Amino acid sequence: MKGRDAAAAAGAAGAAQPAGSNLDEERRQQILHNLQTMLALGLLHDPAELQQLAAGPQLLEPRHATKAAYQDGGVAEEEAEAEPSVQTPQQRRPARTSRGPKRALQADDDEGEVGQDAGKDAEEAEARKRAAQQQKQAKKLLELEVEGLVEFDEDSAIFNVCGSTGNIYTVTLSDAKSNCTCPDHRFRRRDCKHIKLVRAKLQIQRQPGNWFEAVQRLSAGGTGGGGGSVAGRLDAAAAAAVVEEAAAAAAAAEAAAAEDADAQQGAPNEAALGGGGGGRGRARGRAQQPKAGPSKRRR
């Protein structure tokens, strides 16, 4: 087979040369040697097979798309045509349910009811929180005891109060302000439980300015030291009433402060309206007036 291939290759090489051409013998020998080497390596085939391969479809050189073709979109169309298209089944979108006017109004009503329920729940939770705090404060008041009146004159009244831990604190009532020697009074001057206890025993929770008359009345009617009618503890009902009155007073004060703030924001600026000078003059006039001295109570 190899000999026949070599002879056919030699014949093909000889036929490839034009007739009457005188080739150099050395060049011809080199060509023959190359052909034999290619046959030995299996690079050449039978002439009939070569002719069959030559008659078959030829490979086309790849064409490079130009920039203009990319811009026009022609390349994309050709690639789309060449590639097989995989068709996926079209998915149906769910039908949209339309809400009529009645259903829309019903939905709005439901949302409003949900909001009202949430507001009621928040109010109830806040009310429970306040009730728990008031019960805690009333319980603390039940642990205190007024030991008696220590000193009383037209300027002040001094009481000894036994705290929940057994410590003795001094509560002073006066026209200027009420004081207590407990540590909490330094931070919460208006919420001292010892002062609340003394005022509750004197029954002046709503009118703390009437301390002098209350102490004078009770000390005149008491026996055995002048302060026996003030001494003692509060019962549960009295302690709860004290806490409720204190909470109501705090709420009223907060509401009044809010109203004052709203009034100040809505009031016109007198200085901008040209009335600032007169106001300052009136203020200076009031400042120059002599202050009245403290009134003396008769005992």
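From the backbone N, Cα and C atoms, a Cβ is placed for every residue, glycine too.
TrEMBL annotations: computationally assigned, not manually curated.
Over in TrEMBL, the protein carries these features:
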- 1-16: compositional bias 'Low complexity' (COMPBIAS)
- 93-102: compositional bias 'Basic residues' (COMPBIAS)
- 118-129: compositional bias 'Basic and acidic residues' (COMPBIAS)
- 169-203: domain 'SWIM-type' (DOMAIN)
- 1-28: region 'Disordered' (REGION)
- 68-131: region 'Disordered' (REGION)
- 255-299: region 'Disordered' (REGION)
Helix, strand and coil residues within the compositional bias 'Basic and acidic residues' (118-129) as assigned by DSSP: 12 helix, 0 strand, 0 coil
Tally of residues which DSSP labels helix, strand or coil - the domain 'SWIM-type' (169-203): 14 helix, 8 strand, 13 coil
